[in-house]
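**Q** Here Swiss-Prot flags Gly8, Lys9, Gly10, Gly11, Ile12, Gly13, Lys14, Ser15 as ATP binding site. Residues or ranges marked as [4Fe-4S] cluster binding site in Swiss-Prot (evidence: sequence analysis): Cys94, Cys131. Here Swiss-Prot flags Arg97 as ADP-ribosylarginine.
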Amino acid sequence: MRKVAIYGKGGIGKSTTTQNTVAGLAEAGKKVMVVGCDPKADSTRLLLGGLQQKTVLDTLREEGEEVELEDIIKEGYRNTRCTESGGPEPGVGCAGRGIITSVNLLEQLGAYDDEWELDYVFYDVLGDVVCGGFAMPIRDGKAEEIYIVCSGEMMAMYAANNICKGILKYADAGGVRLGGLICNSRKVDNEREMIEELARRLGTQMIHFVPRDNFVQRAEINRKTVIDFDPTHPQADEYRALAKKIDENKMFVIPKPLEIDELESLLIEFGIAN
């Protein structure tokens, strides 16, 4: 079972990219579990046809310790197994702590056991690695390979570099490695070349460039992944290609984060700052 975590700046399209990629893997016959690690609990909605599933933390709050696995895992598109960690009530408690509680409970209830014959587990993780809870998948060895969703926008690249610092910090203890950058295009000038160069400087690869297409939003409005909504659309092939590249990936590295002035010089070199 491969353990994958998807990180990236808030709003960059991690949940959308994760679910569309998982749909590509599921279509290819892989058995996948998706663990949403975001208080918004939107990491599995498209795989479940728009169903806002009850989160692990909500279930614990309402039912106490008497929780069964089927209470917190739902079957989605092509038998994907979907669960959402959820978060505390707004203004109370720590969302990162909630992820730790949820993942530990999933382990106790046997969600990762061999009987499920999982090929992959994907963790879709909120925003930047800013606190220990959100770093938990990489800190505790829950995830072994990380993919960072980014774009040619400065803050997305800044966040990607920060996440690489987190991976570097925990690489020895948790054994986690960076599998590559996924460029979720925002149609920035020279975007592909810039992210390829960022990847090169970090010591990794741009594993795929996902072109911007409003069809992704249309599929979302219909509560589906692109592959589920219209398997013949060119954008569906982009996610199939990304899924195939992840499935065949052999490049796993400890990244070399950039200094902030190196990052700024990259932006200047490729024309954003001009």
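Placed from the backbone N, Cα and C atoms, the Cβ positions cover glycine too.
Keep in mind that this is a model prediction, so the values were computed, not measured.
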**Q** Just counting, how many other CB atoms are there within 10 A of the CB of Lys9 (ATP binding site)?
**A** 22
**Q** For Ile12 (ATP binding site) and Cys94 ([4Fe-4S] cluster binding site), what Cα-Cα distance in Å is obtained after rounding to a whole number?
**A** 23
**Q** May I ask which residues of the same chain, at least 6 positions away in sequence, place their Cβ under 8 angstroms from the Cβ of Gly13 (ATP binding site)?
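**A** Listed in sequence order, they are Val149, Asn184.
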**Q** Can you tell me how far the Cα of Lys9 (ATP binding site) sits from the Cα of Cys94 ([4Fe-4S] cluster binding site), in Å?
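**A** About 19 Å separate the Cα atoms of these two residues.
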**Q** Pick from Lys14, Arg97: which of these recorded positions has the biggest number of other Cβ atoms within 10 Å of its Cβ?
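**A** Counting every other Cβ within 10 Å of each candidate, the maximum falls on Lys14.
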**Q** Between Gly11 (ATP binding site) and the residue listed as 'ADP-ribosylarginine', find the distance joining the two CA atoms and give it rounded to the nearest Å.
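**A** Cα-Cα distance, Gly11 (ATP binding site) to the residue listed as 'ADP-ribosylarginine': 22 Å.
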**Q** Would you identify which of the binding-site residues Ile12, Cys94 has the most other C-beta atoms lying within 10 angstroms of its C-beta?
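**A** Counting every other Cβ within 10 Å of each candidate, the maximum falls on Ile12.
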**Q** Would you count the other CB atoms within 10 A of the CB of Gly11 (ATP binding site), including those on all shown protein chains?
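**A** Result for Gly11 (ATP binding site): 9 other Cβ atoms within 10 Å.
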**Q** Using Cα coordinates, what distance in whole Å links Lys14 (ATP binding site) and Arg97 (ADP-ribosylarginine)?
**A** 21
**Q** Cα distance, Cys94 ([4Fe-4S] cluster binding site) to Gly8 (ATP binding site), nearest Å?
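**A** Between the Cα atoms of Gly8 (ATP binding site) and Cys94 ([4Fe-4S] cluster binding site), the distance comes to 20 Å.
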**Q** Within 10 Å of each Cβ, count the other Cβ atoms and name the one among the binding-site residues Gly8, Gly10 with the highest count.
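**A** Buried the deepest by this measure is Gly8.
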**Q** Give me the CA-CA distance between Ser15 (ATP binding site) and Arg97 (ADP-ribosylarginine), in Å, as a whole number.
**A** 20
**Q** At a 10 Å cut-off from the C-beta of Ser15 (ATP binding site), count the other C-beta atoms across all protein chains.
**A** 24
